[in-house]
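Trainee: I grabbed these lines from Swiss-Prot:
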- 151, 152, 291, 292, 293, 294, 295, 296, 382, 491: ATP binding site (BINDING)
- 196, 300, 491: D-alanine binding site (BINDING)
């Protein structure tokens, strides 16, 4: 596999070069390669002969998690990243669903699985039992599953998305070829490894001999500590959710002076607000900003566009860009008919980035994946349209609501609320205590203003909204907060916000 070959090349040529760095840890390419060889050998000794069962890797962004990932795939087994924030009950469901035989505990914490179905070891124990003489014939390759990431399932049980070596290689090659991320760059890693956004920085960094700079959850929760670490990081490539960079932008000190070597910002995981992109262009004049889009089921991202001043000026909602060159993206109606440019429907993604399906879930796989025009395709469940080759994503189809007979998109309303001069960021929540939606609530982090009372601020925002939205789409209730809650993955936590504002 090209990715593993590239890591081996850097380990041989520059064994002392840093592959991983955080405030507390460092790992060279030589150490990464040697330790992962030993872990791979140890995995083979601790599992049944010929077994290809997945390996769970439990921890929080430690270097030995990446050692364990590589060790797993060198031993011919896919890995399943499990962050320490994931509840024990969910971990048990993942073990039962995946058939995993081995859990590598990197964090040092005890993992209460309540199950004798899985053996728990540390990477140090595996490395001590293993050796560095492992045949590359064992490596995961081509259609073999490289990693499995578990996402939320509508049944209440997590679904394991299988990403093959070919899926990952196609994605990594695209990032390294079509984005300005040349050899030896320092990449930010903000996303926990159980969130597939982390794949956007881990593997392009390793394939180009770069350094992965990890910022852990405890640093993110302390802005002063976070900014001190960022200042020392020498970051070139920033990858994160828009929500995370928006949180950083709330501090006026988040500028090119803090990150003088920042060259590119890459976003994925949720919609990039135009105001956030504009602020980045203002504060980081030497950096380029890219918006990308893609579900976990299509290997992180399958579209991209560089966000320029012209694109911001011409679009109320930013495009997610053009399809990855080897992918086909089109829009379908509910009857499976392809729609022409400009017509809104479901975004369908086809090509070599599409997952083979959900592990052990043939019925769910059959509903979400299908063959079309000789390619494997995926129903995203996202609404959107294509205009002049560019894809515009308009949120989840299931984010559509009906209010007093009117069908509307919550994310469309959020775009307009966020455009108010008085709003820093906002989330719109439907109030539906007994089934039907009764009205909308806007949870807002306001900009600095001169109003003495909240009702005066609300009136000013509503007046602005009235110029762009029909009355029935304007939220009835406005709640003001000092920040918007985020999930452990760095996305807006809509469920938690809803629970708070609906109390």
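Heads up, the Cβ atoms here are built off N, Cα and C, so glycines get one too.
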Trainee: How big is the ATP site in terms of the longest C-alpha to C-alpha distance among 151, 152, 291, 292, 293, 294, 295, 296, 382, 491, in angstrom?
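Mentor: Output for ATP binders 151, 152, 291, 292, 293, 294, 295, 296, 382, 491: max Cα distance 24 Å.
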Trainee: What's the number of neighbouring CB atoms sitting within 10 A of the CB on residue 293 (ATP binding site)?
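Mentor: There are 30 of them.
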Trainee: Residues near the D-alanine site, 196, 300, 491 excluded, by Cβ within 8 Å of the Cβ center?
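Mentor: Neighbours within 8 Å of the Cβ centroid, excluding 196, 300, 491: 191, 195, 197, 198, 199, 200, 268, 269, 296, 489.
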Trainee: For the D-alanine site made of 196, 300, 491, how many Å separate the two farthest Cα atoms?
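Mentor: Between the outermost Cα atoms of 196, 300, 491, the distance is 15 Å.
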Trainee: For the binding-site residues 151, 291, work out the Cβ neighbour count at 10 Å and name the residue with the minimum.
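Mentor: Sparsest of the binding-site residues 151, 291 by Cβ contacts within 10 Å: 151.
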Trainee: Using a 10 Å cut-off, grab the number of neighbouring Cβ atoms around the Cβ of residue 196 (D-alanine binding site), all chains included.
Mentor: 26
Trainee: In angstrom units, rounded to an integer, how far apart are the Cα atoms of residue 291 (ATP binding site) and residue 300 (D-alanine binding site)?
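Mentor: That comes out at 13 Å between the alpha carbons.
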Trainee: Can you tell me whether DSSP puts residue 196 (D-alanine binding site) in helix, strand or coil?
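Mentor: The three-state answer is helix.
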Trainee: Spatial neighbours of residue 293 (ATP binding site) among the binding-site residues 196, 300, 491, defined as Cα within 10 A: which are they?
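Mentor: Among 196, 300, 491, the ones whose Cα sits within 10 Å of that of residue 293 (ATP binding site) are 300.
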Trainee: According to DSSP, collapsed to three classes, what secondary structure does residue 151 (ATP binding site) have?
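Mentor: In three-state terms, residue 151 (ATP binding site) counts as strand.
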Trainee: In whole Å, how far is residue 382 (ATP binding site) from residue 300 (D-alanine binding site) when you measure between their Cα atoms?
Mentor: 15
